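Peer 1: Structure below; questions to follow.
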Amino acid sequence: MNPLIFPIIMLTIMLGTLIVMISSHWLMIWMGFEMNMLAVIPVLMKQYNPRSMEAATKYFLTQATASMLLMLAIVINLLHSGQWTFTKLMDPTASIIMTLALTMKLGLAPFHFWVPEVTQGVSLTSGLVLLTWQKLAPLSVLYTIAPVINSDLILTMSILSIMIGGWGGLNQTQLRKILAYSSIAHMGWMTSVLIFNPTMTLLNLLLYILMTSTTFALFMTVSTTTTLSLSHAWNKTPLITTSILIMMLSLGGLPPLTGFLPKWMIIQELTKNDNIILATLMAIAALLSLFFYMRLTYATSLTMFPTTNNMKIKWQFNKIKQMKCLSPLIILSTLTLPLAPAMMILN
């Protein structure tokens, strides 16, 4: 890609997201989504090969369908209310269609099929943009319309996403697909608490972006995309490989790591709102994600035979390019649990 074009494309992506987040006019929100979608496609095709082309096509078709549904919901709401701006009273049909459109953009179950395929087909940098920045615009609109969202629909999709996010990752060897299924599960956790405490959804999103960005940055540092290459990186970069495995456990929600904090707060909030059965189901479904993360950690670090040349630690390590912000990111992504009392007071 031309170095002069890339900053313009990234600026358009950010501008599209910001338009969605700050607008109160439905047409401007739809335009922001379209700007964002059309600008992110060249980013997905940055590595020009058939797999990235296929991934970009799948992304375009899914997002175009979601945009069509969103416009349909906007028109139905316009016929019902007579105005283009946000209103507290929204037509129930428009609310359901809009929720379906936004969850399709997010990648919630049962509209999750595109997320692993697209993430696997693109580079690590494009995957990072797809699984972090691209979640901001749909979640900001869901946050705004939270009072009128159909609770049965969003809670059903949430629990389904958490279960599929766990089941889907069980037999994966590709790290990008594992992170894609992790994203589906995390989106399920975020949307489950949306109708009870929207602020907690934003806090969960912040922690999710922090952990996912750190994990992708570590993958980029050692240039690893599969579990096999991760285990082979052990003797070259033991510290970074250890950090990757700890980050995986944090994403799975193992206490006392940072990833446990949002799950703990969401379960507490659901219990407070007399949704004990839902909270129990979500906690059980979260064990699926934690299981495959722990299995990956065990297989990579604890089952290596110590005398093979492939696994011996080298005396002199290869010099690798390290990001200066990596150390604070790792600390924040693993050791934020002591801040739980302050975060609970804020909520």
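A Cβ is built for glycine as well, from the same backbone N, Cα and C atoms used for every other residue.
Okay, these came from Swiss-Prot:
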TRANSMEM  3-23  transmembrane segment
TRANSMEM  25-45  transmembrane segment
TRANSMEM  59-79  transmembrane segment
TRANSMEM  96-116  transmembrane segment
TRANSMEM  122-142  transmembrane segment
TRANSMEM  145-165  transmembrane segment
TRANSMEM  178-198  transmembrane segment
TRANSMEM  202-222  transmembrane segment
TRANSMEM  240-260  transmembrane segment
TRANSMEM  276-296  transmembrane segment
TRANSMEM  326-346  transmembrane segment
Peer 1: Going through 3-23, 59-79, 122-142, 178-198, 202-222 one by one, which has the most CB pairs that fall under 8 Å from the transmembrane segment (276-296)?
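Peer 2: Answer, by Cβ pair count: 178-198.
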Peer 1: So what's near the transmembrane segment (122-142) in sequence-distant terms, Cβ-Cβ under 8 Å and 6+ beyond its ends?
Peer 2: 13-14, 16-17, 20-21, 29, 32-33, 36, 40, 43-44, 46-47, 52, 55-56, 59, 98-99, 102-103, 105-106, 149, 176, 179-180, 183, 187, 190-191, 194, 201-202, 205, 208-209, 212-213, 216, 219-220, 225
Peer 1: I need to check the long-range neighbours of the transmembrane segment (178-198): which residues 6 or more away from its ends have a CB within less than 8 Å of a CB in the stretch?
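Peer 2: 103, 106-109, 112, 115-116, 118-120, 127, 131, 135, 139, 142-143, 146-147, 149, 151, 154-155, 157-162, 164-166, 168-169, 172, 204-205, 208, 212, 215-216, 248, 251-252, 262-263, 266, 269-270, 273, 275, 278, 282, 285-286, 289, 292, 296, 347.
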Peer 1: Which residues of the same chain, at least 6 past either end of the transmembrane segment (3-23), have a Cβ under 8 Å from a Cβ in it?
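Peer 2: Distal contacts: 29, 31-40, 42-43, 129, 133, 136-137, 140-141.
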